[in-house]
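Trainee: Have a look at the structure that comes next, please.
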Amino acid sequence: MENILNEEVIPMPRIGDKAPEFKAKTTQGDINFPADYQGKWVILFSHPADFTPVCTSEFMTFATLEEKFAKANTQLIGLSIDGLYSHIAWLRTIKDKIEFKGMKNVDVKFPLIEDITMNVAKKYGMIMPGESSTQAVRAVFFIDPKGTIRAIIYYPLSLGRNFDELYRVIVALQTADEFAVATPADWKPGDDVIISPAGSCGVAKERMDGNVEGLDCKDWFFCTKKLDKDMVLDKVLKKEKEPVLA
Ligand code: BEZ
């Protein structure tokens with residue numbers, strides 16, 4: 001597709017779309033995306049540039065949380081419009097020299113994609129010319145084990161991401177899939193979840209008459225139920241059980 005200036009226009013991927021495919025060089029070797037990650041959740045995120053302060057704070061935070069995301073079957077993959085040697089030098093500098101909020105000697109072990117050609121950034125709509133035409137914004141794509149995009153968050157260059165929220169999104173998406181529920185505002189494991197709206201007048205009446213055990217209905221279209229925190233953690237995070245002492 002081309003615009004009136006005959007420039008190539010690549011439609012931005014949307015929630016529900018299959019994640020656009022690409023092959024790329026990364027700091028952990030070549031990848032074939034999303035095929036290499038079938039069966040895993042992936043957070044594919046872009047940052048504006050190597051050797052910049054906000055990005056450095058984000059990489060240190062992500063690397064420190066990598067294990068926590070891995071327990072939720074989630075692979076982190078970063079990208080910027082920089083070359084591989086710049087990535088390697090930046091990650092070495094982070095490990096050797098940078099201390100931030102108590103984090104130091106931080107080893108970034110997840111892949112960081114080299115995208116000097118902007119091939120991947122363009123496919124994923126990570127370039128927003130009003131913000132910068134040479135640097136990617138801070139995009140975050142949440143991709144499920146079948147390679148479908150399930151959530152997208154964008155931040156501008158100046159704003160570092162909230163990692164509690166990124167983790168909450170992963171847990172909430174997996175909870176919705178595992179238990180066929182929706183999650184209300186500010187939901188976290190242990191909070192009540194929302195069940196699907198009544199699909200008929202009969203079901204609406206039953207719910208409002210209080211005939212469905214375990215439901216708390218604010219109105220016929222808005223019913224919640226309890227979902228035990230341990231059930232969420234067991235299913236979603238595959239939490240290892242504490243060993244039972246004899
Ligand atoms: C940063 O990561 O610090 C940054 C990158 C691009 C523009 C502004 C800030």
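Including glycine, each Cβ sits where the backbone N, Cα and C put it.
The following feature annotations were taken from TrEMBL:
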| type | residues | note |
| --- | --- | --- |
| ACT_SITE | Cys55 | active site, cysteine sulfenic acid (-SOH) intermediate |
| BINDING | Arg138 | substrate binding site |
| DISULFID | Cys217-Cys223 | disulfide bond |
| DOMAIN | 13-175 | domain 'Thioredoxin' |
Trainee: How long is the line from the C-alpha of Cys217 (disulfide bond) to the C-alpha of Arg138 (substrate binding site), rounded to the nearest angstrom?
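Mentor: Per the Cα atoms, Cys217 (disulfide bond) and Arg138 (substrate binding site) stand 39 Å apart.
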Trainee: Other than its own, how many Cβ atoms are within 10 Å of the Cβ belonging to the residue listed as 'active site, cysteine sulfenic acid (-SOH) intermediate'?
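Mentor: Taking every protein chain into account, the count is 22.
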Trainee: With the Cβ under 6 Å from ligand 1 as the test, give me the qualifying entries from the recorded positions Cys55, Arg138, Cys217, Cys223.
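Mentor: Near ligand 1, sequence order: Cys55.
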Trainee: Would you say which of the disulfide-bonded residues Cys217, Cys223 has the most Cβ atoms within 10 Å of its own Cβ?
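Mentor: Answer by Cβ density within 10 Å: Cys223.
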Trainee: Name, in the order they occur in the sequence, the residues of the same chain whose CB lies under 8 A from the CB of the residue listed as 'substrate binding site' and which sit 6 or more residues away.
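Mentor: Counting only residues 6 or more apart in sequence, the Cβ neighbours of the residue listed as 'substrate binding site' under 8 Å are Phe45, Ser46, His47, Pro48, Glu58, Tyr154, Tyr155, Pro156, Leu157, Leu159, Gly160, Arg161.
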Trainee: What is the separation, in Å, between the Cα atoms of Cys223 (disulfide bond) and the residue listed as 'active site, cysteine sulfenic acid (-SOH) intermediate'?
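Mentor: Cα-Cα, rounded: 41 Å.
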Trainee: Would you mind pulling the DSSP three-state label for Cys217 (disulfide bond)?
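Mentor: For Cys217 (disulfide bond) - judged by DSSP and reduced to three states - the answer is strand.
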